[in-house]
Amino acid sequence: MTISGYRKAIWPRRIAVLSVHTSPLEQPGTKDAGGMNVYISQTAVEMARRGVSVEVFTRATSSDQPPAVELAPGVLVRHIPAGPFEPLERGELPSQLCAFTSGVLRTEAFQEPGYYDLIHSHYWLSGQVGWLARDRWGVPLVHTAHTLAKVKNAALASGDTPEPRTRVIGEEQVVAEADRLVVNTDVEADQLVRLYDAAPDAVRTVSPGVDLERFRPGSRAAARAALGVPADAVVLAFAGRIQPLKAPDVLLRATAALVRRDPGLRRRLVVLVAGGPSGSGLEQPRSLMDLAVELGIDDVTRFLPPQGGQDLVNVYRAADVVAVPSHNESFGLVALEAQACGTPVVAARVGGLPVAVDDEVSGLLVPTHDTEDWADALARVALRPEVRAVLSRGAREHAQRFSWRRTTDALLDIYREAMAAFRGTALEVAV
């Protein structure tokens, strides 16, 4: 039977999803949780709705965590002991990969043969585990990097730490071993081929999605009331981890420039910064708070803890514009979520953001991180109601092109393709 013939009959029963450094159960914006967590949880739930069981393996960070937790019907999150029962910095995790891999293999060993049909690893640490599990189980490995060290180092933010050589080598190994490589945009596909020598025929582009039922337009007045923001305020917002890569300082510096241009704006300006620094999730973003004081805008800046559920929706709905000033983004889920709520986005023209934001239609793309350029873009949207109204309509329309259902359908096609190719190759070798 040909590989195409196998593909028609193939449907995965159970997928092993590897997410070593962060759990889909964690609140995005805390610790190292972000868009990847949302991606894993949303696609896992959609897979389960299609009859595919999903088991997510992640490192246990507390002795109180049960061995397994049901995220949704058909989706199980397995906590694998590897190192101390506490959050670790990502730089400390490579030394725990042996223990983590052992836990993953031990879990499979207690099941019937052929329990998992495919492995999908997320981030390079998980790819290292997936590579070994792939060879042990005899199933294909699909890998999503989410971020790439060589790309991050080329766009390093001031004060940020370069990714180590060990990560670069680890990524190169995973790229060479994976059966399929899933990327968010064609730009990322080109980066994998050009910078990591990935085989072009192994790379597949699948755009992430957005929960269009949860993130949708609603009452701005109600959202502002819930946040304690005046109904007539000019509201700028940022949501995400507080780290140099995400560049929330760009928003604060641009805000200070706006106030210098028009001192009267201070009376009605509110800047919402929702998120926390990477780490334990308990810290406040002290350096960013100090910057607000230094810039003289601490009176208009409100620092909120990482927001989830309706609280995050309220932040998006309350804002006149959401800023995504990152130095690099493989895609930018925050931009999609905000636009789905009908809020225009001003974003940096980097990475996958030109796909997530339709320039001059759903928001504006800024080609630099220059303070005055950002102040101009923010003012154009936030201070001009006629511009904001047009972009708001375009924002929702643009976001509707993306859904987790569509993302999951594309992933399933890749899974079936990888399984067919893997089994076909095995058949040829056997013959």
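Cβ atoms are placed via backbone N, Cα and C, with glycine included.
Swiss-Prot lists H21, D32, A33, G34, G35, M36, N37, R90, Y123, T147, R167 with the feature 1D-myo-inositol 3-phosphate binding site. G35 (1D-myo-inositol 3-phosphate binding site) carries a helical DSSP state (H, G or I).
Here Swiss-Prot flags Q27, P28, G35, R241, K246, Q307, E329, E337 as UDP-N-acetyl-alpha-D-glucosamine binding site. Using a 10 Å radius centred on the Cβ of E329 (UDP-N-acetyl-alpha-D-glucosamine binding site) and all shown protein chains, the other Cβ atoms total 27. E329 (UDP-N-acetyl-alpha-D-glucosamine binding site) falls outside any helix or strand according to DSSP and counts as coil.
Counting only same-chain residues at least 6 apart in sequence, those with a Cβ under 8 Å from the Cβ of T343 (Mg(2+) binding site) are A237, Y316, R317, A319, D320, V321, V322, S392, A395. According to its DSSP assignment, T343 (Mg(2+) binding site) is coil. The Mg(2+) binding site annotation in Swiss-Prot covers Y316, R317, A319, T343 and rests on sequence analysis.
Nearest to K246 (UDP-N-acetyl-alpha-D-glucosamine binding site) in space, judged by Cα atoms and limited to the binding-site residues H21, G35, N37, Y123, R167, is G35. Across the structure, Y123 (1D-myo-inositol 3-phosphate binding site) and Q27 (UDP-N-acetyl-alpha-D-glucosamine binding site) place their CA atoms 18 angstrom apart. For E337 (UDP-N-acetyl-alpha-D-glucosamine binding site), the nearest of the binding-site residues by C-alpha distance turns out to be G35; the candidates were H21, G35, N37, R167. Per Cα geometry, E329 is the residue among the binding-site residues Q27, R241, Q307, E329 nearest to R167 (1D-myo-inositol 3-phosphate binding site).
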